[in-house]
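The feature active site, nucleophile is assigned by TrEMBL to T199. Here TrEMBL flags R227, I228, G229, D230, T250, G251, W252, G253 as substrate binding site. What TrEMBL records for 1-25 is signal peptide.
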Amino acid sequence: MRGFFVPIAAASVALLALFAAPATAQDTPGWSIAIHGGAGTIARENMTPEQDAAYRAALQRALDAGAAVLRDGGSAMDAIQAAIEPMEDDALFNAGRGAVLTWDGDIELDASIMDGRTRDAGAVAGVTGIRHPIDLARKVMTDSPHVMLAGTGAEAFAASHQLETMPPEWFETTRRREALERMKAEQLSALDVDIKFGTVGAVALDADGNMAAGTSTGGMTGKRWGRIGDAPIIGAGTYADNRSCAVSATGWGEFFIRVGVAQEICTRLRYRFRAEIDAAQARVPLDEEGIPTYLVHASEFGLEAAQAQEEIDAVIADVGSLGGDGGVIVVTREGHPLFSMNTSGMYRGRATSAGMNEVAIYDDE
Ligand code: ASP
């Protein structure tokens, strides 16, 4: 399992604040964003230098688009949408244009989005012809009383809101057609042909402390019977909660649904935060009457990146223990942009107001 972290300014002010009375407010956390373009068996030896460079350039474009929104004071919701849309348009990824084909040779798209400020959420499953399923998911959130719409109903809803559509040939690529044919001819599983899953996602914390998460995918090659993966399921592939974190997942969806990966990570971080505050409070010196000289307040406390990473890795390990694989991107309330995966690679990137700006592919980067 891989994961890495870089502490950013103001991320963990707790212990400094512990003995400082009166309480000082936590420094503004700045902004932070992480993106992914899918996890899977991504090995250096299987990538040409041109492919490697093309993926890095595409990830950088998406990361820059999201970071620009946050740098200009925009919201986390707008930032993740700005990051996801170029990847939906890019045939390198399994979302929007370039998505994988179903058993019947069609393209059925899934997407979801969640606003960590209010925990409002929107999702669409099994839609065809929608250029940006992430926009449609957001419309479901903002313009309907529902969280999830599927199939032709979702498409009718899209039409009534003038969402942009494209013809089937715009979405379909030769690479994905060949993968489906190979799967059928050689009786392979989706995992054999989808060695790189290719789903896209983004998570962000904006300068106002609000978080958002979004995920968009074509699912898995050769899917049938209306199969839906984790990507459009709030709590499995996507979750955002200002009290803890924002998560977007990629991988073998069935396992991510069973573990409830995205919400499980947020819940674990929320409880870990509580446990660390309690531990910090227990370390505060007592006065002569045995009363703590200082009360640790949540507003001045933050989890360290390594603490959050432990919780995230534990959830990915749980997916692995059931036999699943994949990865997640996470931004915590403190602004740590983190990754975890149990695959050999994940297309990914992250940027922060503290100056981090990087993209990566392989697990050892
Ligand atoms: N999680 C997606 C699904 O199962 C696939 C992926 O991440 O590429 O539909």
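Each residue, glycine too, has its Cβ placed from N, Cα and C.
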How far is it from D230 (substrate binding site) to T199 (active site, nucleophile), counting Cα to Cα, in Å? 11
The residue listed as 'active site, nucleophile' sits from G229 (substrate binding site) (Cα to Cα, rounded, in Å) at a distance of 11
Under 6 Å from ligand 1 by C-beta, which of these binding-site residues make it: I228, D230, T250? Sequence order, please. D230, T250
Among R227, I228, G229, D230, T250, G251, W252, G253, listed as contacts of substrate, what is the widest Cα spread in Å, to the nearest whole number? 16
What residues, ordered by sequence, lie under 8 A Cβ-to-Cβ from T250 (substrate binding site) and sit at least six positions away in the same chain? H36, G38, A39, F197, G198, T199, V200, G201, T215, T217, A231, G237, G326, G327, V328, M346
Who sits close to R227 (substrate binding site): which same-chain residues at least 6 apart have their Cβ under 8 Å from its Cβ? G219, M220
Below 8 Å Cβ to Cβ and six or more residues apart, same chain only. Which residues does that give for G253 (substrate binding site)? G219, M220, I228, G229, D230, A231, A236, G237
All-chain count of other Cβ atoms within 10 Å of T199 (active site, nucleophile): 36
Just to confirm: which same-chain residues, 6+ apart in sequence, have a Cβ under 8 Å from the Cβ of G251 (substrate binding site)? A39, G40, F197, D230, V319, G324, D325, G326, G327, M341, T343
Structural state of T199 (active site, nucleophile), classified by DSSP into three states: coil
According to DSSP, does D230 (substrate binding site) fall in a helix, a strand, or coil? coil
Using a 10 Å cut-off on CB atoms, tell me which of the binding-site residues I228, G229, D230, W252 is the least crowded. I228
